[in-house]
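Peer 1: Mind looking over this structure? Questions follow.
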């Protein structure tokens, strides 16, 4: 059993859908047992969201889920129609029809159960099921979506449910590269990544795969192949033995332009302050990327959180209410922050890597405001205007281009 997931770029026109159908048919004729998951065609989801916001700047989340789930239904049914023309028995299903049960959070639901009766029945009948990604149904029978990139989550969840040997993701590019090939040239394609390295990339700005999907693959040890229809790609699997075992080396970079810093100024130094802020952000389902605090002065200190712009829009009112709760003297909001992340074995713990990063960014006259690190990640925060030239400098510094 293999799960094939096709992204929106690969399905953006009827001609591309025909090519995908021919590819699936070829695999099926070789005797492979296949389950297919699809995204909406091209930019369909973004267009639907834009229409909703043109009618109401704050559309109800339930109605958004009802609206955007139509995109995957279109691509799934068209692909099933194209496969039948190829002589392959295929049937399209919505998330609810295959029993993907979620919690109650509209636009950001979590899968709690997969029933999959009709999915297994169609496979037993020799059909190729085409499942709408990104969507499910809550236990209160409401249509829900899994959040941006949720079709990737659907694919990995079904790979687990069906005990598939691999989950293959088909993209416009032939794998994962040392940076974003849409923005930078002459990049090297990565042959393989560990789950941890892939998670670091996606959590730090890379849009190759959804981080929740990768976390699920890691949890259940599901191999992932990222490739194009023609060639590729990059294999993601459990931890790899690196060259020299302990030797640090940078495998890839990723970057973001969309960060916002919230700083509570002059907060009283009390032990429960940080846990209080983190607890409320978790309760409101507002993720933050990084936090840091200044040195205490007169038993008070500054406390900063860095969030994505998307999270910041939801968080602003929450932070202002927290300002009063933790008795901060003021709240400072700074937009226009970017980041560059380096990913690879031991990159966050090797002083030589850090020295080369500082050297490479200094040559490009980029000022580093803060940095964070883990075993497989080193992230620097800087003005978003400096991100592009900073990435170019580090690609050269670490020999990440052909």
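Cβ atoms here come from the backbone N, Cα and C positions, even for glycine.
TrEMBL lists these features:
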BINDING   5, 6, 7, 8  ATP binding site
BINDING   45, 72  substrate binding site
DOMAIN    1-228  domain 'Aspartate/glutamate/uridylate kinase'
Peer 1: Cβ within 8 angstroms of the Cβ centroid of 5, 6, 7, 8: which residues besides those meet this for the ATP site?
Peer 2: 9, 10, 11, 37, 38, 39, 133, 151, 169, 170, 171
Peer 1: Near residue 72 (substrate binding site), which residues of its own chain have a C-beta under 8 A away, given they sit six or more steps off in sequence?
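Peer 2: Residue 72 (substrate binding site) has long-range Cβ partners 38, 39, 40, 94, 132, 133, 134, 135, 151.
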Peer 1: According to DSSP, does residue 6 (ATP binding site) fall in a helix, a strand, or coil?
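Peer 2: Strand, per DSSP.
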Peer 1: On a C-alpha basis, identify the one among 5, 6, 7, 8 that is nearest to residue 45 (substrate binding site); the candidates are the binding-site residues.
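Peer 2: Result: the closest of the binding-site residues to residue 45 (substrate binding site) is 8.
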Peer 1: With every protein chain in view, how many other Cβ atoms are within 10 Å of the Cβ of residue 5 (ATP binding site)?
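Peer 2: Around the Cβ of residue 5 (ATP binding site), 28 other Cβ atoms lie within 10 Å.
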Peer 1: Average the pLDDT scores across the domain 'Aspartate/glutamate/uridylate kinase' (1-228) and report the rounded value.
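Peer 2: Mean pLDDT across the domain 'Aspartate/glutamate/uridylate kinase' (1-228) comes out at 97.
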Peer 1: Within 10 Å of each Cβ, count the other Cβ atoms and name the one among the binding-site residues 6, 7, 8, 45 with the highest count.
Peer 2: 6
Peer 1: Translate the DSSP assignment of residue 72 (substrate binding site) into the three-state scheme.
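Peer 2: The three-state answer is helix.
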